[in-house]
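Engineer: Below are the structure tokens for one structure; questions will follow.
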Amino acid sequence: MKLNVNLPDHPYDVIIENGALANIGNWVSSLWKKQKIVLISDNHVNGLYGQKVVEQLEKSGFEVETFEFPEGEASKNLLTAEKAWNFCAEFGLTRSDGIIAFGGGVTGDLAGFVASTYMRGIHFLQIPTSLTAQVDSSIGGKTGINSKMAKNMIGTFTQPDGVLIDPEVLKTLGQREFCEGLGEVIKCALIADKALWNLLTDLSAKDLLENFAKIEEIIYRSCEVKRKVVVDDVLDNGVRLYLNFGHTIGHAVENTAGYGKVMHGEAVAIGMVQISKIAEKKGLMPLGITDEIRKMVKKYGLPDDYQPWDEALLFKALTHDKKARGTIIKTVIVPEIGTAKINEVTFEEMKEYLKK
């Protein structure tokens with residue numbers, strides 16, 4: 001399966017294929033001339049696949065070094081980025097060379113940020129290995145690192161030269177890590193694809209883990225939602241905000257819990273349920289939709305709430321949300337399954353929203 005992210009200034013393809021990782025050398029050769037490559041990966045993914053990937057790239061004529069960092073959201077910071085910049089410089093990476101992000105969402109965000117800022121920007125590729133990264137963060141060009149104040153506070157919009165998705169690598173994920181990625185899949189269904197919602201209704205996490213043909217289809221449909229929105233609004237000023245359904249409260253939960261304690265897809269699930277509950281009470285979403293969303297997230301092993309629910313800490317995190325404009329936060333609601341809408345909320349109203 002192939003999708004084309006047809007951006008006027010930087011079009012690229014997303015390849016989705018079981019077993020695609022075994023052909024990585026040919027894929028990279030089709031996009032880049034023989035050059036130096038820095039493979040950026042965390043210790044877990046690098047331990048599983050790194051040596052084979054490097055061997056294939058070297059066999060195809062590339063000179064490769066690997067920058068490895070400790071697994072987890074806590075590594076997505078300026079210190080790790082600086083270490084990566086220095087690593088690239090010591091290897092002699094120039095603007096005609098490239099970086100490959102090989103790992104989950106943390107790796108993709110970090111490596112993309114490093115590539116977009118090293119020497120004011122060099123080429124990079126995305127090879128996502130988590131479900132969250134495959135269906136969401138690897139497409140669209142958002143890169144970033146966290147600060148103490150907020151998730152992804154420092155970042156750029158920089159598109160990759162290509163994305164290679166191999167669903168088979170998901171077999172090495174634990175059940176929590178796999179289900180976490182389904183938070184973003186459910187979000188895609190809610191904002192833009194009712195047929196995907198119906199498919200998720202008919203399946204279960206067990207079905208998906210046992211049938212990778214179904215996983216390939218679900219990844220494709222989710223990526224198509226992301227592709228359409230990105231092509232229409234590359235810089236996140238309009239319809240691309242729809243992709244943030246559940247993220248306003250979700251990012252606040254991640255921040256207050258401490259990065260990594262609540263996984264991103266889990267936080268999105270919590271955020272979708274909580275914002276829907278508020279919007280339903282205010283008549284902005286239809287009666288009963290919150291229960292439908294809650295039922296779906298719980299069916300796929302995701303949380304619908306977070307404790308302790310500290311309104312003051314959550315509100316403080318929300319004030320640093322990237323969707324804030326002055327004292328207004330642009331939240332996303334779902335008027336019906338398969339559609340989305342922007343709802344502007346003041347900070348004061350948001351305080352009320354957070355009260356239980």
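Each Cβ is built from the backbone N, Cα and C atoms, and glycine gets one as well.
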Engineer: So Swiss-Prot lists HIS247, HIS264 for Zn(2+); which of GLU168, GLU184, GLU311, GLU336 goes with them?
Structural biologist: GLU184
Engineer: Inside 10 Å of the Cβ of ASP109 (NAD(+) binding site), count up the other Cβ atoms and send me the figure.
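Structural biologist: Other Cβ atoms within 10 Å of ASP109 (NAD(+) binding site): 24.
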Engineer: Please report the distance from the Cα of LYS151 (NAD(+) binding site) to the Cα of HIS264 (Zn(2+) binding site), rounded to the nearest angstrom.
Structural biologist: 10
Engineer: So for GLU73 (NAD(+) binding site), how many other CB atoms are inside 10 Å of its CB?
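Structural biologist: Counting Cβ neighbours of GLU73 (NAD(+) binding site) within 10 Å gives 20.
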Engineer: Considering only the binding-site residues GLU184, HIS247, HIS264, which residue has the minimal Cα-Cα separation from GLU71 (NAD(+) binding site)?
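Structural biologist: So, spelling it out, the nearest of the binding-site residues is HIS264.
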Engineer: Taking only the Cα atoms, work out how far GLU184 (Zn(2+) binding site) lies from GLU73 (NAD(+) binding site), in Å, as a whole number.
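Structural biologist: Pair distance, Cα basis, whole Å: 17 Å.
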Engineer: Could you round the CA separation between HIS264 (Zn(2+) binding site) and GLY105 (NAD(+) binding site) to a whole angstrom and send it over?
Structural biologist: 9
